[in-house]
Amino acid sequence: MAGKIGFVSLGCPKALVDSELILTQLSAEGYKTAKDYSGADLVVVNTCGFIDSAVEESLSAIGEALAENGKVIVTGCLGARKNADGSDLIHSIHPKVLAVTGPHATDEVMQVIHLHLPKPHDLYTDLVPSARVRLTPKHYAYLKISEGCNHRCTFCIIPNLRGDLVSRPIGDVLLEVKRLFESGVKELLVVSQDTSAYGVDIQYRTGFWDGKPVKTKMFDLVNTLNQIAREHQAWVRLHYVYPYPHVDDILPLMAEFAEHGYGVLPYLDIPLQHAHPDVLKKMKRPASGEKNLERILAWREACPDLVIRSTFIAGFPGETEGEFEYLLNFLDEAQIDRAGCFAYSPVDGATANELANPVPDQIREDRRARLMAKAEEISVGRLAKKIGKRLQVIIDRVDDHGGIGRTIGDAPEIDGLVRVLPANKPSKRYRAGEIIRVTVISSQGHDLIAET
């Protein structure tokens with residue numbers, strides 16, 4: 001009889017892909033997924049360990065799984081965290097867990113599952129190649145192209161948790177892309193810790209795809225993704241793109257999107273974090289504020305439809321009021337379409353904790369609120385310019401009031417939405433995953449209202 005596994009997935013899209021890989025292997029080996037703890041033979045919790053709130057959420061989820069089930073395997077970023085004395089953090093708080101692994105550890109997790117719940121042997125499922133299990137809606141999927149990061153930003157401990165950059169072979173990546181599109185995916189979201197650095201660790205080694213040589217390099221990857229996506233009338237969205245000079249090369253591909261309607265979207269998720277040169281230096285970020293602004297303005301010139309999303313940290317240690325005002329001015333000049341902001345929070349093990357002149361909590365929160373107000377002001381202004389225009393929208397879900405979708409400028413869960421009013425013809429109903437053209441009739445905050 002097949003064993004049943006309960007599964008909890010926490011954290012970022014990269015962790016979500018790790019969860020999907022584990023679930024795919026479980027499915028291939030004949031295990032079933034339980035809907036609740038009581039129906040599971042054991043539970044796997046994929047954790048996040050980046051910021052304090054994520055650590056608390058992960059520890060709480062582990063505790064709940066132990067209380068409800070008793071047999072728990074922990075994996076993910078929090079599994080790599082240690083106490084000051086070098087002991088395992090999770091075992092010190094939850095000593096009854098069966099095992100703890102770090103991130104991207106499918107093989108290790110499966111070994112522990114086999115130990116406590118031997119896999120059902122099936123002559124056929126043991127031989128059939130697995131199809132990837134996904135936790136997202138059927139019409140979009142995350143594509144992880146690399147693991148780890150070579151940067152040593154002072155506020156971040158991800159390299160300690162996930163290691164240095166390891167790029168996936170480009171042939172493997174493109175094969176996964178083809179299979180995802182053939183399974184019905186209409187939007188592919190490329191994720192990593194540093195998408196722009198793809199291939200650096202292996203000196204841009206030449207791989208093969210469709211019988212042709214292709215370099216393990218950002219431009220070559222994006223160019224090929226663009227071609228495959230057009231063939232399948234689908235979208236590709238790029239996340240975690242650092243503003244290196246070679247990113248300039250992909251802007252012409254994005255500028256072509258308006259002509260084709262499919263391919264690589266004119267959308268860049270860029271983790272800028274700040275704009276003032278002195279703050280960026282303390283953060284040990286790989287680019288300067290002046291160059292970032294210059295590059296963004298050049299990108300907008302090359303691709304007028306470009307949408308830029310970014311995240312920022314307010315109240316970093318030593319940040320002055322003048323430096324924060326500089327950041328607000330940067331948002332205005334760069335016209336960042338979508339922005340998120342975190343008030344700086346000390347992360348255990350981050351070297352930024354040792355910096356002088358920490359900013360008081362209240363000032364940190366005040367600056368975060370001010371930045372978000374500025375971001376909303378910019379976003380609302382840019383969305384207002386879309387009223388009356390025809391736009392493409394991908395439908396995420398359908399209800400009695402029409403459809404809920406997203407434009408090319410909206411990534412799932414983190415950006416805005418489009419409420420598409422019911423079609424004029426009663427017989428016409430939208431379908432999840434359908435890409436349609438709409439006319440924008442109004443805006444509400446970060447969202448749009450449209451009709452077909």
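Every residue, even glycine, has its Cβ placed from backbone N, Cα and C.
The domain 'MTTase N-terminal' annotation in Swiss-Prot covers 3-118, and the record cites sequence analysis as its basis. Look at Swiss-Prot and you will find C12, C48, C77 tagged as [4Fe-4S] cluster 1 binding site, backed by sequence analysis. Summarising the annotation, Swiss-Prot assigns domain 'Radical SAM core' to 135-382 and lists sequence analysis as the type of evidence. The [4Fe-4S] cluster 2 binding site feature in Swiss-Prot is assigned to C149, C153, C156; the stated evidence is sequence analysis. Marked as domain 'TRAM' by Swiss-Prot: 384-452.
What Swiss-Prot annotates, mapped onto the structure for a quick look.
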{"residue": "C12", "record": "[4Fe-4S] cluster 1 binding site", "Cβ contacts under 8 Å, 6 or more apart": "C48, F50, V191"}
{"residue": "C77", "record": "[4Fe-4S] cluster 1 binding site", "Cβ contacts under 8 Å, 6 or more apart": "G11, A15, T47, C48, G49, F50, G102, P103, I158, L161, R162"}
{"residue": "C149", "record": "[4Fe-4S] cluster 2 binding site", "Cβ contacts under 8 Å, 6 or more apart": "I158, P159, R162, D164, L165, Q193, D194, A197"}
{"residue": "C153", "record": "[4Fe-4S] cluster 2 binding site", "Cβ contacts under 8 Å, 6 or more apart": "Q273, M283, K284, R285"}
{"residue": "C156", "record": "[4Fe-4S] cluster 2 binding site", "Cβ contacts under 8 Å, 6 or more apart": "F50, V347, A350"}
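Each residue in the domain 'MTTase N-terminal' (3-118) gets a DSSP state, and the totals come to 56 helix, 23 strand, 37 coil. Neighbours of the [4Fe-4S] cluster 2 site: apart from C149, C153, C156, residues of the same chain with C-beta atoms within 8 angstroms of the site's C-beta centroid are H151, R152, F155, I157, I158, P159, Q193. In sequence order, L10, G11, K14, A15, T47, G49, F50, A54, G76, L78, P103, L161 are the residues of the same chain, not among C12, C48, C77, whose CB sits within 8 A of the CB centroid for the [4Fe-4S] cluster 1 site. Helix first, then strand, then coil: DSSP counts for the domain 'TRAM' (384-452) stand at 1 helix, 33 strand, 35 coil.
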